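The next block holds one structure in the form of structure tokens; read it before the comments.
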Amino acid sequence: MCCSVRKAFDRYFDLLIKVKYFVIVFWLIVLGLGAGFGLQFLGAVSIEVTPPKGTPSHDAKQAFGDLFPTKSEQQSYLLYFECSECSHIVNSVTYYRTQRLLDAAASWRGGYITGNLTYWTYPNTTQTGFMAAKQTLISRSNKSMIAVLDASPEHETADLKEFVTHMRSSISDLNVGGGEYVGMLGSNTILVDSVEESSTTVTKIDLIVLPMALAVLMYVVQSWRMIVIPLFNVATTLLSSFAMMYGLTKYTAKAPSFVPSVMEAMVIALSIDYSLFLLTRYRFEVLHNGRRGTKAVREAIFFAGEVVFMSGLTLVSCFLGMTGFPTQTVYMVGVGCSLCLTMALIINLTMTPALLLAFPSFFTTFQFLPFCTKKEGPGVVTSDDQNNDVGDVDYILADNDNDEGRVEDANNGMPRPGSGLSVNDKAPDGDGIGDEADDEDDDGFGMDYESEQRRRLDEKSNLQKSYWYLSTKACIKWPYVFLTILIPLALIAPATVHLFDFKYSIDSTQIAPRNSQSIECLNKLKANFPLGLMDPLYVIVDGRSQGDYPVKSTPFFEATSYLSSQLASKTACGSEGVTSIAFLHNTRISWENAEKLLDTDGFYPVYFNNSVNQPLNAALITLTTPFEPFGDEVKDFTKTVRDAFKDPNLNGSYDYHLVGAPIWMVDATDITFKLFPIIIAVTVAAIFVMISCLLVSAFIPLRYAFTLVFPLSFIFGLAVMVYQDGVMEWLSWSALRSTDGMYWLTPIITFPICTGLALDYDIFLMCRVAEYRMEGYTNKASILKAVHETGGIITAAGVIMAIAFGGMMFSQTDTVNQIGWILFSSVLFDTFVVRTVLVPAVLMLAGPVNWWPRKVPKEGLKDEFGAPAANAGAMEARPDYESWDNDDHKESLRNLSAGASQKSPGEINGDGTGWNSL
């Protein structure tokens with residue numbers, strides 16, 4: 001298996017060597033195309049939700065479109081006027097301002113505004129119907145007024161933004177004084193404000209978060225030159241993903257407005273993390289293992305690339321599970337995140353090695369900062385492995401730009417001790433797989449006793465002084481290892497139980513910026529008017545099954561009248577909020593009375609014609625809710641209305657449908673959360689099986705119960721405490737304010753991300769533990785060495801992730817804040833508690849069960865220092881490194897070194913293992 005993987009990789013890498021310049025040019029072209037089209041994705045988003053098939057809303061929406069095609073697609077805007085110092089809002093100034101805004105709306109792309117409704121639209125009469133209709137547009141205090149603009153369907157977000165900007169500019173031109181306010185509100189204004197905030201958040205991430213993440217990476221790899229690679233990878237991944245999503249939105253559904261912010265944070269986090277894994281391994285191969293040119297790149301990509309590939313595959317699998325939801329909104333979130341992760345994986349595994357191969361001298365000169373710090377490097381680097389003599393580490397003055405200079409010592413080509421990575425002091429140099437190729441390229445590689453002794457003693461000293469080694473050794477010490485597991489689980493238990501109190505919200509204000517003009521207008525409106533005026537809901541009484549013109553019949557009027565009165569008494573709308581052709585102004589109207597009213601010039605004929613369709617086979621019952629229709633109250637309201645359809649006293653000859661965009665949202669969220677546990681369980685189970693197969697370990701699912709399920713339960717329980725219970729309100733930070741429930745998409749988006757990121761670090765650690773266990777180290781030694789080597793890198797990766805996701809906390813949108821907080825806290829908890837404490841402890845307790853059914857060495861085991869393990873009695877005794885001053889050991893090593901020049905590298909030990917087994 002390992003040999004076949006290595007052979008496949010070698011074929012891939014050999015091809016990459018030949019086409020490295022083509023790869024670079026190809027991705028440069030992709031970057032250019034992404035820059036041309038990608039940014040347009042920021043405006044091609046939506047806040048609309050389409051009801052899934054099989055739901056009542058899906059059938060209702062289809063009926064709405066068939067029976068009332070114009071009204072079903074109609075979009076509305078509310079113009080709000082307020083004058084706190086006026087005796088009455090109906091005055092000449094308000095009339096003048098209303099007309100100015102109506103003219104401005106009509107002048108924009110003639111035909112977009114299809115109609116309007118104002119106080120002055122109705123005739124100046126004292127008829128009861130008209131007076132009642134006028135009064136609905138004026139507040140009880142007579143200090144404020146609304147006007148309604150009806151618009152034709154316009155699905156291009158960029159066009160909607162242009163219209164909203166045009167109208168807001170017209171409002172600014174009115175020169176509204178103190179004590180006065182004029183604003184505009186509608187679902188499209190919320191969408192426009194959300195898009196603008198998304199663009200602002202993206203800019204903040206670019207200007208603040210990205211430089212901070214790159215600074216951490218530069219500190220870890222100790223090379224400003226290498227920053228070129230992740231910077232290019234991030235830009236190419238992000239812009240190409242945006243461009244492809246923009247293309248998809250032209251033919252499929254649009255993504256939610258906050259998806260660009262989430263995609264950018266993920267691209268920055270994952271691309272820089274993948275660069276961290278690849279570049280730190282490359283630095284290690286150059287400075288510690290003494291490899292150079294193509295060979296250093298080959299080994300770095302093989303070992304670190306395995307981790308990157310498994311990590312990327314896991315994350316993509318998590319998000320592909322979201323495409324199983326029937327809701328198009330959730331589906332597009334899954335597509336967007338899967339797409340950007342796939343691009344990050346492909347670009348990092350192709351562009352990174354291509355750049356390292358094409359410009360070896362540039363990237364192999366390690367210098368933390370230009371002109372002010374020393375350089376490290378193996379000297380002159382070429383991509384020709386045929387002459388692979390290993391030079392010494394350079395220490396060149398910062399003001400000397402000559403990369404040709406090199407300082408030799410009496411080390412005979414061995415890397416200078418202590419030149420390894422600060423976060424990765426020791427790592428396997430590829431023993432086993434591919435070593436034959438290594439040895440063939442290392443002709444002339446020699447060493448002496450002093451350098452080898454110093455190297456081994458330094459390694460042991462560094463290991464013993466390492467924080468990760470000492471802390472892990474203490475955590476997994478028997479029998480305290482049980483406390484290492486139980487104490488963290490006990491501490492997180494109180495927050496975990498809050499997960500059972502979770503409730504989701506569909507409140508549209510959570511996707512609108514808190515400081516936006518839409519929210520300002522909404523707050524003023526809801527203090528004076530029922531918010532249902534902004535998005536009225538309808539009940540369709542469908543009589544298509546009853547022949548021609550069923551509306552003009554007594555049974556139809558009786559059914560409509562009865563249902564209207566029931567809705568008035570059972571819902572929060574009340575009698576003032578329910579109107580129909582058979583129930584108007586809290587009065588039931590029979591067909592006989594309706595016939596008489598239709599022959600008059602009053603209000604009723606106008607209302608009747610606006611409430612029925614042209615074939616006269618269906619009518620609308622208008623429901624004006626006192627609450628915001630896109631608020632959480634609509635969930636119970638929907639249930640109440642649909643229960644009224646089941647009333648046995650209601651005429652069953654007709655069909656009844658509750659319609660409106662808020663209703664689509666209710667059904668979409670209901671079916672999403674019904675399927676959520678099933679889809680997550682199937683996805684996670686598939687991932688567990690995949691990782692178990694890749695790591696050849698059947699213990700993986702059981703271990704993840706402690707290291708994945710419980711920690712994730714804690715993170716989401718903590719989020720419930722923050723955003724439902726308000727435990728962080730004392731900070732007075734709006735990003736952590738209670739919203740009485742998280743937005744419904746928040747857990748859907750964050751759960752797969754948290755799962756994937758947790759598995760990301762777990763895979764990185766487990767690959768290193770498995771490497772050492774297969775090399776003959778004991779289970780404990782493998783854990784200690786792996787944590788020692790990966791602890792710093794995982795910490796750096798976690799900090800980079802936290803910075804990337806923490807940038808979302810500076811958004812003015814509640815939903816983005818919630819996503820950012822969950823990902824931020826999840827990454828930090830996983831980095832500093834789970835991977836460094838819980839995972840080593842569980843691995844220690846499991847012992848040999850970790851590797852079943854994989855065959856691992858059982859004899860000749862070594863401890864973490866490479867010495868014979870205390871319980872490995874069958875192993876032939878080997879000299880202790882601390883007693884290498886013994887003359888016999890010195891002489892033996894000198895003889896072995898002297899004979900190396902007369903033997904091929906594979907014959908040095910007599911068994912074909914070469915220097916690697918020393």
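Backbone N, Cα and C define each Cβ position, glycine as well.
So that you can see what the record holds, here are the features copied from TrEMBL:
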type	residues	note
COMPBIAS	432-445	compositional bias 'Acidic residues'
COMPBIAS	877-893	compositional bias 'Basic and acidic residues'
COMPBIAS	894-904	compositional bias 'Polar residues'
COMPBIAS	909-918	compositional bias 'Gly residues'
DOMAIN	128-358	domain 'Membrane transport protein MMPL'
DOMAIN	617-855	domain 'Membrane transport protein MMPL'
REGION	404-453	region 'Disordered'
REGION	876-918	region 'Disordered'
TRANSMEM	21-42	transmembrane segment
TRANSMEM	201-220	transmembrane segment
TRANSMEM	227-246	transmembrane segment
TRANSMEM	258-279	transmembrane segment
TRANSMEM	300-325	transmembrane segment
TRANSMEM	331-359	transmembrane segment
TRANSMEM	480-500	transmembrane segment
TRANSMEM	675-697	transmembrane segment
TRANSMEM	704-723	transmembrane segment
TRANSMEM	743-765	transmembrane segment
TRANSMEM	786-810	transmembrane segment
TRANSMEM	822-846	transmembrane segment
Most Cβ pairs under 8 Å with the transmembrane segment (480-500), selected from 21-42, 300-325, 704-723: 704-723
Per-region confidence, the domain 'Membrane transport protein MMPL' (617-855) (mean pLDDT, whole number): 89
Sequence-remote partners of the transmembrane segment (331-359) [C-beta within less than 8 Å, at least six residues beyond its ends]: 13, 16-17, 20-21, 23-24, 27, 228-229, 232-233, 236-238, 240-241, 244-245, 248-249, 252-256, 259, 262-263, 266-267, 270-271, 274-275, 278-279, 282, 294, 296-297, 300-301, 305, 308-309, 312-313, 315-316, 319-323, 325, 383, 745, 748-749, 752-753
Residue numbers, six or more beyond the limits of the transmembrane segment (258-279), whose CB comes under 8 Å of its CB atoms: 41-42, 45, 194, 198-199, 201-202, 205-206, 209-210, 213-214, 217, 220-221, 223, 226, 229-230, 233-234, 237-238, 241-242, 245, 300-301, 304-305, 307-308, 311-312, 315, 332-333, 336-337, 340-341, 344-345, 347-348, 352-353, 511, 749, 753, 760, 764, 793, 796-797, 800-801, 804-805, 807-808, 811, 813, 815-816, 819-820, 823
Long-range environment of the transmembrane segment (201-220) - Cβ separation under 8 angstroms, sequence gap at least 6: 42, 226-227, 230-231, 234, 260-261, 264-265, 268-269, 272, 275-276, 279-280, 368, 421-423, 792-793, 796, 799-800, 803-804, 806-808, 810-811, 813, 816
Same-chain residue ranges lying at least 6 outside the transmembrane segment (675-697) that approach it to Cβ under 8 Å: 310, 313-314, 317-318, 320-322, 324-326, 704, 747-748, 751-752, 755, 759, 763, 766-767, 770, 850-854
Dominant neighbour of the transmembrane segment (743-765) in 300-325, 786-810, 822-846, by Cβ pairs under 8 Å: 300-325
